[in-house]
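Asks: Below is one structure. I have some questions about it.
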Amino acid sequence: MTNEKVNKVALIGAGFVGSSYAFTLINQVITDELVVIDLNQDKAMGDVMDLNHGKAFAPHPVNTWYGDYEDCKDADIVCICAGANQKPGETRLDLVEKNLNIFKGIVDNVMKSGFDGIFLVATNPVDILTYATWKFSGLPKERVIGSGTTLDTARFRYMLSEYFDAAAHNVHAYIIGEHGDTELAVWSHANIGSVPITELMKKNDQYKQEDLDEMMENVRHAAYQIIEKKGATYYGVAMSLARITRAILHNENSILTVSTYLDGEYGADDVYIGVPALVNRNGATEVIELALNDTEKEQFAHSVNVLKEILAPHF
């Protein structure tokens, strides 16, 4: 017999994002057990059947089944992907009213099971709904995490790698703030192989500031472009969720731009927002406070204020 810890993830919501997340978990050897929960039982059961039929090809056997809220009791992570989808022309913040009501029911049911793990929230507007999950659950703030700007940061690094012709894993740069229209690039800390991008710009006149400005707009509007072309975004965010899940279950102490609670950091308080944070088995345990320049401070404060204005009528 073995006494090794068995990692368990409960996924709530088997839509585009949820099913893509489940597929990624199984193929990246991240968890030992995965339970899929959805109001549409046939969809969830169909996903589980489909995933299990490929088990012979998976790099690691993952015990996958369809379940209900009671199965959350001993889960290490409950990942919420359920909720109303963003429609073409609709902002993430337009979804607030619809999804707050949905989340109250979900979180209440999860907590009734005796759940005492970590919530990982993917549904938009993710910063608002992560705050709501924290309020509804009563869990410590570090054990409620949103996907935040992890995907935006990945998009940013990809675009920078293409522009500067460098491998994406050698690009170090962050997108912080609201996962949405007020997010910002931290240009003052962006570098490639430890060389600041500002230095690269000075050394080579083929690099233009207007190109970087356009790049930031492309990062900010990437989701809208994808939704317009294919109806929804799901692969990228699923991979971001899987990355956060790995950091938690494998106790990595990785720094990821998750949506986490601020209590004075960056001059803000009582808000969940995307910033670099230390992520491990205990959740988002420490906010990494970057020294922002004056422009970045102003942009970040604006992002915080937008979120607080949305939260104010509800909490």
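Note that Cβ sites are derived from N, Cα and C of the backbone, with glycine treated the same way.
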Asks: Starting from the NAD(+) binding annotation in Swiss-Prot that includes Val17, Asp38, Lys43, Tyr69, Gly83, Ala84, Ala122, Thr123, Asn124, which of Ser137, Ser147 is the extra site residue?
Replies: Ser147
Asks: Of the residues named as NAD(+) binders, Val17, Asp38, Lys43, Tyr69, Gly83, Ala84, Ala122, Thr123, Asn124, Ser147, how far apart in Å are the Cα atoms of the most distant pair?
Replies: 24
Asks: Please name the residue among the binding-site residues Arg157, His172 whose C-beta has the most neighbouring C-beta atoms within 10 angstroms.
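Replies: Ranked by Cβ atoms within 10 Å, first place goes to Arg157.
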Asks: Between the Cα atoms of Gly83 (NAD(+) binding site) and Thr233 (substrate binding site), find the distance and write it as a whole number of Å.
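Replies: Cα to Cα, Gly83 (NAD(+) binding site) and Thr233 (substrate binding site) are separated by 14 Å.
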Asks: I want to check the contact list for Ala122 (NAD(+) binding site): same chain, sequence separation of six or more, C-beta distance under 8 angstroms. What comes out?
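Replies: Once residues fewer than 6 apart are set aside, Ala122 (NAD(+) binding site) is near Val17, Tyr21, Cys79, Ile80, Cys81, Gly146, Ser147, Val237, Leu241.
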Asks: Work out how many Å separate Val126 (substrate binding site) and His179 (active site, proton acceptor) at their Cα atoms, rounded off.
Replies: 7
Asks: Run through Lys43, Arg157, His172, His179, Tyr224 for me and report the recorded positions whose CA is within 10 Å of the CA of Thr233 (substrate binding site), in sequence order.
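Replies: If one measures from the Cα of Thr233 (substrate binding site), the recorded positions that come within 10 Å are Tyr224.
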Asks: If you count the other Cβ atoms within 10 Å of each Cβ, which of the binding-site residues Gln86, Asn124, Thr233 comes out on top?
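Replies: Counting Cβ neighbours within 10 Å, the top one is Asn124.
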